[in-house]
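Enquirer: Shown below is the structure under consideration.
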Amino acid sequence: MDKINQTFVREFILLGLSGYPKLEIIFFALILVMYVVILIGNGVLIIASILDSRLHMPMYFFLGNLSFLDICYTTSSIPSTLVSLISKKRNISFSGCAVQMFFGFAMGSTECFLLGMMAFDRYVAICNPLRYPIIMNKVVYVLLTSVSWLSGGINSTVQTSLAMRWPFCGNNIINHFLCEILAVLKLACSDISVNIVTLAVSNIAFLVLPLLVIFFSYMFILYTILRTNSATGRHKAFSTCSAHLTVVIIFYGTIFFMYAKPKSQDLLGKDNLQATEGLVSMFYGVVTPMLNPIIYSLRNKDVKAAIKYLLSRKAINQ
């Protein structure tokens, strides 16, 4: 390969919505409001899961980790996006881009595994209620959560290292809001077939396998619910699973759109960021973390009771 034109990039420029200047102020206001909701909503869920003894169960331990994950993910990306929207400062350092890519990929991978663990937890609770305390004891659910975080971190380390090691031939303009891995790989002037293969393997491990766990868990749950004679029992089982299932549909719907389409199609796409792609990216990165605590607090009686208890206790203390 001709190496004359290859130069090391010291920083990147994130185009974002620069092609739609009238939308930038609107997006700034929307993202800012949603970020505040994310911090408050997920923060309340974390505090409630720690302080309220009624939530000291595996499901709420997973939920607390999911809320913490959403805060970490959005905090690694939203503040810089807000700054670029309001100040027109669109440059990000090479190391800053790598850090942003790492956290985004790590949090996404971890969330896939966490959602799978939560589905398995619901399967054991509904299909094997008598053995639930034995199967899902504290050692088990803490270990499952630790594996989720560790595997997500390892996957992100591998993908980020492979993506950032290529020469970029002086081309440093990223057609995205963030240092998203596919957008960065478009700038590489080397053969990225290794990245495509590793991303495909990652998709199988972190998208397909957890989704299979979720699918079969809910098949067994549905079978058990339909066999239940008690209408109250069926309603309780459905209400317990509905929040998680809603989050799964929203999360996997957006992430499959972004990462499960053919890589050649994505990497050879148009130079300008499509409006639909930008909206889906924002939905995945901002709207989904905002909806998670809202969905769980609206659908789950225990969470609603815990939040009301915390708010009432705070009002009394004041």
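Glycine residues also receive a Cβ, built from the backbone N, Cα and C atoms like all the rest.
As annotated in Swiss-Prot:
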- 1-25: topological domain 'Extracellular' (TOPO_DOM)
- ASN5: N-linked glycosylation site (CARBOHYD)
- 26-46: transmembrane segment (TRANSMEM)
- 47-54: topological domain 'Cytoplasmic' (TOPO_DOM)
- 55-75: transmembrane segment (TRANSMEM)
- 76-99: topological domain 'Extracellular' (TOPO_DOM)
- CYS97-CYS189: disulfide bond (DISULFID)
- 100-120: transmembrane segment (TRANSMEM)
- 121-139: topological domain 'Cytoplasmic' (TOPO_DOM)
- 140-160: transmembrane segment (TRANSMEM)
- 161-197: topological domain 'Extracellular' (TOPO_DOM)
- 198-217: transmembrane segment (TRANSMEM)
- 218-237: topological domain 'Cytoplasmic' (TOPO_DOM)
- 238-258: transmembrane segment (TRANSMEM)
- 259-277: topological domain 'Extracellular' (TOPO_DOM)
- 278-298: transmembrane segment (TRANSMEM)
- 299-318: topological domain 'Cytoplasmic' (TOPO_DOM)
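Describe each of these features in terms of where it is and what it packs against.
Expert: With a cut-off of 8 Å between Cβ atoms, the residues of this chain six or more beyond the transmembrane segment (26-46) that come close are 17, 63-64, 67-68, 70-71, 74, 78-79, 81-82, 85-86, 282, 286-287, 289-290, 292-294, 296-297, 303, 307, 310.
When pLDDT is averaged over the topological domain 'Cytoplasmic' (47-54), the result is 86.
Outside the topological domain 'Extracellular' (76-99), and at least 6 residues removed from its termini, the chain residues within Cβ reach (under 8 Å) are 9-18, 24-25, 27-28, 31-32, 35, 107, 160, 164, 174, 177-179, 184, 285-286.
Close to CYS97 (disulfide bond) in the fold, though at least 6 residues off in sequence, lie GLU11, PHE12, MET164, ILE174, CYS179, VAL184, each with a CB less than 8 Å from its CB.
Nonlocal intrachain contacts for the transmembrane segment (100-120), taken as residues 6+ away from its ends with a CB within less than 8 angstroms of a stretch CB, comprise 59, 62-63, 65-66, 69-70, 72-73, 76-77, 80, 92, 141, 144-145, 147-149, 151-153, 155-157, 159-160, 163-164, 178-181, 184, 202, 206-207, 209-211, 213-214, 217-218, 244, 247-248, 251-252, 255, 285.
Sequence-remote contacts of a segment are chain residues at least 6 beyond its ends whose Cβ falls under 8 Å from one of its Cβ atoms, and for the topological domain 'Cytoplasmic' (121-139) they are 58-59, 62, 217-218, 220-221, 224-225, 237, 240-241, 244.
Tertiary neighbourhood of the transmembrane segment (140-160): same-chain residues 58, 61-62, 65, 98, 101-103, 105-114, 117, 120-121, 181, 195, 198-199, 202, 205-206, selected by CB-CB distance under 8 Å and a gap of 6+ residues from either end.
The helix, strand and coil residue counts that DSSP assigns across the topological domain 'Cytoplasmic' (218-237) are 17 helix, 0 strand, 3 coil.
Counting same-chain residues at least six beyond the ends of the transmembrane segment (238-258), those with a Cβ under 8 angstroms from any Cβ of the stretch are 108, 111-112, 115, 118-119, 122, 125-126, 182, 207, 211, 214, 218, 221, 225, 280-281, 283-284, 288, 291-292, 295-296, 298-301.
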Enquirer: By DSSP assignment, list the helix, strand and coil residue numbers for the topological domain 'Cytoplasmic' (121-139), in that order.
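Expert: Helix/strand/coil tally for the topological domain 'Cytoplasmic' (121-139): 13 helix, 0 strand, 6 coil.
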Enquirer: Provide the three-state DSSP residue tally for the topological domain 'Extracellular' (76-99): helix first, then strand, then coil.
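Expert: Final tally across the stretch: 16 helix, 3 strand, 5 coil.
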Enquirer: Using DSSP, how many residues of the topological domain 'Extracellular' (161-197) fall into helix, strand and coil, respectively?
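Expert: Residue counts for the topological domain 'Extracellular' (161-197) by secondary structure: 14 helix, 2 strand, 21 coil.
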Enquirer: Taking residues 6+ outside the topological domain 'Cytoplasmic' (218-237), which of them lie with a CB under 8 Å of any CB in it?
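Expert: Contacts with the topological domain 'Cytoplasmic' (218-237): 119, 122-123, 126-127, 245.
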